[in-house]
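The S-adenosyl-L-methionine binding site annotation in Swiss-Prot covers G108, F127, G128, K129, L130, T131, M132 and is backed by sequence analysis.
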Amino acid sequence: MNIKIVCVGKLKEKYFKDAIAEYQKRLSRFAKVTIVQVPDEKAPEKFSEAEDEKVKEIEGQRILSKIKDKEYVYVTAIKGKQRSSEEFAKEIQDLGTYGHSDITFVIGGSLGTSDAVNKRADDLISFGKLTMPHQLMRVVLIEQIYRAFMINSGSPYHK
């Protein structure tokens, strides 16, 4: 299975980089995991809703340029569907069973994702109603992907 995580912005904090590298290493026995960073668009401190949409649109074009037609795409979104770790693990397993060997996860920038990115999504996924930095979301997401593979392999990691 090939898993790609497309994220807006560059990860700067070493502790986040270290955590992600650790989970990538752990996942390597189950899947090839690629992380693709696209540049974030600079926005003024105070901006209008139209400027907000323009930033999301520009970032959205950058995201969409990294997604292939055959990929099954999850977009992280507050309004997405929440599921348990077990439900998520079953979805990942089912995708592989039914021929989706390329799965892409999208984490938008601080303003979220554009309508075009959300329309391209096969599924909108939420990790709760809490707001968190998108850099931290990368760690949460990759850990949950790892947890899904561990659940599917029958490992006691999830207990």
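The backbone N, Cα and C atoms fix where each Cβ goes, glycine too.
Overlay of Swiss-Prot annotations on the structure.
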residue	record	Cβ within 10 Å
G108	S-adenosyl-L-methionine binding site	24
F127	S-adenosyl-L-methionine binding site	17
G128	S-adenosyl-L-methionine binding site	9
K129	S-adenosyl-L-methionine binding site	8
L130	S-adenosyl-L-methionine binding site	7
T131	S-adenosyl-L-methionine binding site	8
M132	S-adenosyl-L-methionine binding site	11
L130 (S-adenosyl-L-methionine binding site): secondary structure state under DSSP, collapsed to three categories: coil
